[in-house]
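Beneath this line is the structure, given in structure tokens, with notes to follow.
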Amino acid sequence: MKICKACSSCMVRTYVDGNIIFRCSCGESVQGDSQNLLVSSKVYHTGEMEDKYKIFIKNAPFDPTNCQIKKDCPNCHLDYLTQICIGSQKIIILVCRCGYTSNRG
């Protein structure tokens with residue numbers, strides 16, 4: 001994970017011509033390196049994983065290691081949301097302490 005130097009938001013990992021590029025919603029981009037490689041694996045018990053994701057999403061706003069972005073919650077108007085990335089498709093989810101969730105991807 002990379003943090004944008006321009007706006008302090010989390011950058012999203014993308015792949016361009018086999019290269020890792022981190023892009024931010026503000027337009028900034030940074031070249032990745034070998035430290036940013038992702039190892040994937042096959043998930044066999046999808047029902048169990050859905051339950052684990054629910055718990056992960058619910059607890060995400062309270063984990064200080066997760067990325068926080070400056071975006072107001074439409075529910076409680078808190079001035080930041082927690083950004084997490086889940087699943088093999090790397091779906092970006094925005095979560096608030098009040099329980100609000102948004103699938104950005």
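Quick reminder: no glycine exception, Cβ is built from N, Cα and C everywhere.
Over in Swiss-Prot, the protein carries these features:
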type    : residues         : note
BINDING : C4, C7, C24, C26 : Zn(2+) 1 binding site
ZN_FING : 4-26             : zinc finger
BINDING : C73, C76, C96    : Zn(2+) 2 binding site
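Shown here: features listed in Swiss-Prot, placed on the structure.
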| residue | record | DSSP (3 states) |
| --- | --- | --- |
| C4 | Zn(2+) 1 binding site | coil |
| C24 | Zn(2+) 1 binding site | coil |
| C73 | Zn(2+) 2 binding site | coil |
| C96 | Zn(2+) 2 binding site | coil |
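Reported as a whole number, the C-alpha separation between C26 (Zn(2+) 1 binding site) and C76 (Zn(2+) 2 binding site) equals 24 Å. The Cβ of C4 (Zn(2+) 1 binding site) lies under 8 Å from the Cβ of C10, M11, C24, C26, E28, each of these being in the same chain and 6 or more residues away along the sequence.
Report note: the Zn(2+) 1 site is defined by C4, C7, C24, C26, and the residues of the same chain whose CB lies within 8 Å of the CB centroid of those residues, excluding them, are K5, A6, S8, S9, M11, S25, G27, E28. Each of D72, P74, N75, H77, L78, L81, R97, C98, G99, Y100 belongs to the same chain as C73, C76, C96, is absent from that list, and has a C-beta within 8 angstroms of the C-beta centroid marking the Zn(2+) 2 site. Each of the binding-site residues C26, C73 was scored by the number of other CB atoms within 10 A of its CB, and the lowest score belongs to C26. Within the group of binding-site residues (C7, C24, C76), the Cβ with the highest number of other Cβ atoms inside 10 Å belongs to C24. Mean pLDDT across the zinc finger (4-26) comes to 86 in this model. A gap of 23 Å separates the Cα atoms of C7 (Zn(2+) 1 binding site) and C76 (Zn(2+) 2 binding site). When Cβ atoms from all protein chains are considered, those within 10 Å of C96 (Zn(2+) 2 binding site) total 21, not counting its own.
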